[in-house]
Amino acid sequence: MTRFYLGFGIIVSLVVYLTAQSFSVAYANPSDSARMGNTVAIIVLVLSLGLMAAPFPFLGGMDKEASKEYPNYPQDAGIGFENESDKRVLKPAADNTTQAENTPAKVYESQKPCDERADASHPEACWRTASQVIVVAEKVVVEKKIPRNNYYDQDPKYHTTFWQSLEQPDIWLCCWNALATWGCGMVVAFNSAQIYRALANDVYESKVNTMYSAIISVASALGRLTMGVLEFILSRQPSETRPVITIAFPVSSICMVIGLIFLLALPLESKAIVIGFFFSSFGNGFSWACTALTVHSVFAKDIGKHYNFMYVGAFIAVIALNRFGYGENYDRQAKLNRDADLAAGRTPIYPRCAGKKCVANSMVILLCVNATAIVGSTWLHLRYRRFVLKRRVECTVELENCRLDVQQAENVQPGLNSVNMCSETH
């Protein structure tokens, strides 16, 4: 965890420092030497991210001694069958059997089969039937304590290939959410100067534009960090009761809708449009992080193909939302304003465009697209949540059946731990 906290601290430091230096450069007009020192500080902070993988023991993750979770087995101990006719039976080895709490494993060695009638007075010394030997040996070769949050503790996934997933709505809902949120984020971020100038009625200051650009970057970074922290919190919850990861999927499109409403509703030359920029960029960053985690958590196979399919939505968004949804409307309104200025005898400002009409239609289109994304992402969450709850019930039934089987095996070989064995297999 030390490495995680170190990396998290460096990222937060970068966000704070880059924001402060953006404002300083825009408003304070520092000297060349100060700019050089600022550049060096940024380079040092970026390179310090490599400390997360540095081979320093005090950062953790480097055991001084070899792990004792899997002890060295004695050379004379074996697991398996000597031949097809003479089955090997397993029992605890004398030099490795202990009742200590920290004993990680019990090693089993061979034992000759016994005759049921001759050794009826010592049932613990042998197995009664070969079928029981095979069944129990497959389950109890190594009995160990499984740590929490291991693989079996994860939520179930869809075990479909990429091509099979295309026949289901889940991957298409993910793609549509990416189209809406990533596309809207690109439109707002790439055209922030034009949006600011239009909503300010052609009043433009480079310092204010720099501030908006910095806030857009910071909001996107905060969105990604927020999703990372949320996933960290959810993963520490008990697997039986924790919410599924898709519960956060509609958050990004909701933030987009809030930001677009602010950009549409605020009056001209209002400084509060920074709120709209913040929410839109926060939703964009949150969506990038949430999409990566959701795809990895929902699909078990072809994760790379599933995730890269989201870029199909981003590619469509660049053309449909940025080029046509925003660019065409902005240019059309700018030409209308130019014609109106020429008719009134004023000097036109074309290709610039001033007034809320320049971006109103584009914002409405983005608002409607993200409203549908809220519905789609909520549908995806409900589908996956129903699947997880159904699988949890099935696992509970399988676990109970496993414990019943082990209890029956205990009648033949006492001392088996049904909790650990069934936890390992389920």
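Here the Cβ of each residue, glycine as well, is placed from N, Cα and C on the backbone.
Note: TrEMBL annotation is automatic and uncurated.
For 38-59 (among others), the entry in TrEMBL reads transmembrane segment. Note on the transmembrane segment (38-59): residues 2-4, 6-7, 10-11, 13-14, 17-18, 21, 24-25, 30 of its chain, located 6 or more positions outside it, place their CB under 8 angstroms from a CB of the stretch.
Outside the transmembrane segment (171-190) by six or more residues, the chain places 165, 216, 220, 249, 252-253, 256, 259-260, 277, 280-281, 283-285, 287-288, 291, 294-295, 298-299, 306, 309-314, 316-318, 320-322, 325-326, 362, 366, 369-370, 372-373, 376-377, 379-380 with a CB less than 8 A from a CB of the stretch. Taken from TrEMBL, the feature transmembrane segment applies to 171-190 (among others).
Taken from TrEMBL, the feature transmembrane segment covers 210-233 (among others). Sequence-distant contacts of the transmembrane segment (210-233) (same chain, six or more residues past either end, CB-CB distance under 8 Å): 8, 11-12, 15, 18-19, 22-23, 25-26, 185, 188-189, 192-193, 196, 245, 248, 252, 255, 274, 277-290, 293.
Residues 155, 177, 180-181, 184-185, 188, 195, 199, 223, 227, 230-231, 234, 272-273, 275-284, 286-287, 290, 293-294, 297-298, 356, 359-360, 363-364, 366-367, 370-371, 373-374, 377-378, 380-381, 384-385 of the same chain, all 6+ positions outside the transmembrane segment (245-266), place their C-beta atoms under 8 angstroms from a C-beta of that stretch. Look at TrEMBL and you will find 245-266 (among others) tagged as transmembrane segment.
Within the chain carrying the transmembrane segment (272-295), a Cβ under 8 angstroms from the stretch's Cβ atoms is held by residues 174, 177-178, 181-182, 184-186, 188-189, 192, 195-196, 199, 211-212, 215-217, 219-224, 226-228, 231, 245-246, 248-249, 251-256, 258-263, 266, 303, 306-307, 310, all 6 or more beyond its ends. TrEMBL lists 272-295 (among others) with the feature transmembrane segment.
Per TrEMBL, transmembrane segment is recorded for 307-326 (among others).
The transmembrane segment feature in TrEMBL is assigned to 364-382 (among others). Residues 169-170, 173-174, 176-177, 179-181, 183-184, 187, 244, 246-247, 249-250, 252-254, 256-257, 260-261, 264, 321, 325-326, 329 of the same chain lie 6+ residues outside the transmembrane segment (364-382) yet bring a C-beta within less than 8 angstroms of a C-beta in it.
Tertiary neighbourhood of the transmembrane segment (307-326): same-chain residues 162, 171, 174-180, 182-184, 186-187, 190-191, 291-292, 295-296, 359, 362, 365-366, 369, selected by CB-CB distance under 8 Å and a gap of 6+ residues from either end.
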